[in-house]
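Here's the structure we're looking at; comments come further down.
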Ligand SMILES: Nc1ncnc2c1ncn2[C@@H]1O[C@H](COP(=O)(O)OP(=O)(O)OP(=O)(O)O)[C@@H](O)[C@H]1O
């Protein structure tokens, strides 16, 4: 599965083969390994639990046939004492075992969640573009919760049930083999029901879990897009869409529960019928003198004790099935190989030695599953310290082009050189500390302003932050209630669009990269602030190589040269004044943009 093609959540809707789901849950055993000693202790306690619990019925049988039949009160007290000690030991073991069981399963869940989060971080942006966030959220939260519940409950129950069934059957055969055969005969219909249950429940559980991801996606999208929804007055429409998804989830959950209830009631009915059969035959045997009352009591007590593991095995199968499909969904993500990763001999360059020459050589790019080439042979050379503006019609591929130097995407052909080294030969982390990008969509995080600013350079000094705030004209941060320590809301939504953009710009400036990539970072600013930011930015750009996507003619002033992107190629390159004179397409693009801005 390692090289498996990326699946969309829709494709994941198709229930997997049971075999592969089993394999995926089995693959999780590596996360149990660090806890092997704790688990061994846990299983030992489970075993002791079973033994102490199952020693009681034969003792009751012995009390009936011995001290009770012979009115031997001291003998009765002796057996009652042993039963009381066994019962107390059973309860105490149960308590300790549950504590171990829960804490271990939680630790295992936390480990898998950590590994999954790390994996999500290294997956390329194309993966995140294609997967709904809600589907990923469901995998990180509810699916892993299911796996944890299986490790904490289902697996222990499974082992307990198998152990109990084996020991009880041994005891029953020992007490009266003919009655035990009746109990054994009930195993046949139980197995048949179990087989049917397995066949039906697995796809139903998968389909419910997939739908749960859809509901998470719908909820998440509505929360993120609440402003747009309100502004467009589409609240009722979105509510209806959400209701439809929720209704679908409800019907899939009911369908799944119906399968479980049907099987469980079948289990119950057969097991209880077995008890009835034993009562009838056992009483006849007692009447005929071939079985003692004590043995019949012990037999029935044990048979009743058997009901629990039989019922539990239905529950275990349901949990096991859900854990298997959940594991399968989690491995959909784990099995996606990061498309952008370090090459085996990737090197590290020292920031102080980087001159900052950036060269695009015949760079081509097409999105996954899309034959259209967005970039069809871009050749561009940005000299160290030079600022090159990228202009082009909307949709011409400017954002795509500037996503390449920090390897948010990799070219499908051609290469990009930083100081003569192919950027794919550099360690990703190192490359991204040298080449920093600020996007038009300024994403901030729900942490303090200071933490947001220092995200790309955790060791930044107070002076560095101040300088970046000044360059980005983001002094408004000092007026926030707690200054730089003010916690900003989710995605920085408590700030205005222009404030967010200025903070994101300051965050990029703090890194002091050798190459600064700005994807139209001033679009949300008013003309006055834009002018102030540009003036301050001009100082920073003096010693930094920069690629700046521009829409407004005023931003072009920041650049030494302008490259016009047209039909996937650099159609014109030179100074703004030269292009204005020589390239009618360039004049067209800029005048269209300024009309848009004016409008
Ligand atoms: N993840 C994606 N998958 C497939 N196609 C995409 C993806 N992202 C962008 N595109 C397409 O690639 C083309 C170039 O998009 P890009 O965002 O690079 O253009 P742009 O020049 O930056 O546009 P704008 O000026 O409007 O910001 C567009 O046609 C767009 O529809």
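Here the Cβ of each residue, glycine as well, is placed from N, Cα and C on the backbone.
Taking TrEMBL as the reference, the stretch among 17-36, 37-56 described by the feature transmembrane segment is residues 37-56. Feature transmembrane segment, per TrEMBL, maps to range 76-96 of the set 76-96, 97-117. Mean pLDDT, taken over the domain 'ABC transporter' (358-592), works out to 86 on the 0 to 100 scale.
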